[in-house]
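Noted in TrEMBL for the protein shown:
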- 116-135: transmembrane segment (TRANSMEM)
- 147-165: transmembrane segment (TRANSMEM)
- 177-198: transmembrane segment (TRANSMEM)
- 211-256: region 'Disordered' (REGION)
- 211-242: compositional bias 'Basic and acidic residues' (COMPBIAS)
- 245-256: compositional bias 'Acidic residues' (COMPBIAS)
Amino acid sequence: MLDLQSHLLCSEFSLPRFLNGLGSDLNVTAGNLFFWVVNKNDMSNYVAVPQGLAKFQIKNDAGQECNYDYNLGFGSSITFIIPTIFTFGPDCGLSIHPVIDIKPNTIHMAWQIPQYFLITAGEVIFSVTGLEFAYSQAPSNMKSVLQAGWLLTVAVGNIIVLIVAEAATLSDQWAEYILFASLLLVVCVVFAIMAHFYTYIDPTKIEAQFAEKDPEDKEKRKSVEMTKKDSVEHRNEDRRSSDSSSDEEETPQTKI
């Protein structure tokens, strides 16, 4: 049912099908759309039919034909039941009983565009500011840890969505919407409280405090840098000496 609803929400079609209650096979078409042969006491598959007035043609093996018109709503799903008392003729459509599986949509899909725009803007704002906060407010030895924690919150959110959508017993989509909206409201309240009492700090001051508390570490870094610098200079001198010796060897060879 969820796959069917998602298909209807993403297309401008209706999905009708036919239930054959007669004792003979029926051939049902709608324009150039073919519902295949509906066996007796069997049901056809759903076929995507454009919304609006649909003209169905029902035929049996004897060549008898019934023309049945029905106005299909946008995003609806309907099962047309052909009863055992069905007879071909000019009023054959009166005995066909339509059963609405999913009601037509009353709001156009274009109204989802502002919502997606706001969701995208909010995602950009919170993602960038969250990573910037994790990087600027953390000491140098904890920056990667806090950024990993930020990404971990995204993973936890995806797990919550997976649990609610697949494992939960909420059959109505509006209930899921209310649940997610309530969770977002709780997160906003927690964020507002933490932002009110949080004291922002200057990252440069943190680095300076760490350097003052651990001067030995600073001296070790300087010694390591000097060692690297000396090794680089030594390598450069070796390369120069090797180049000069090779030039001296080439000079007498050219004289000979």
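Glycine is treated like the rest: Cβ placed from N, Cα and C.
Residues 143, 146-147, 149-150 of the same chain lie 6 or more positions beyond the ends of the transmembrane segment (116-135) yet place their CB under 8 Å from a CB of it. Sequence-distant neighbours of the transmembrane segment (177-198) (same chain, 6+ residues past either end, Cβ-Cβ under 8 Å): 160-161, 164, 170.
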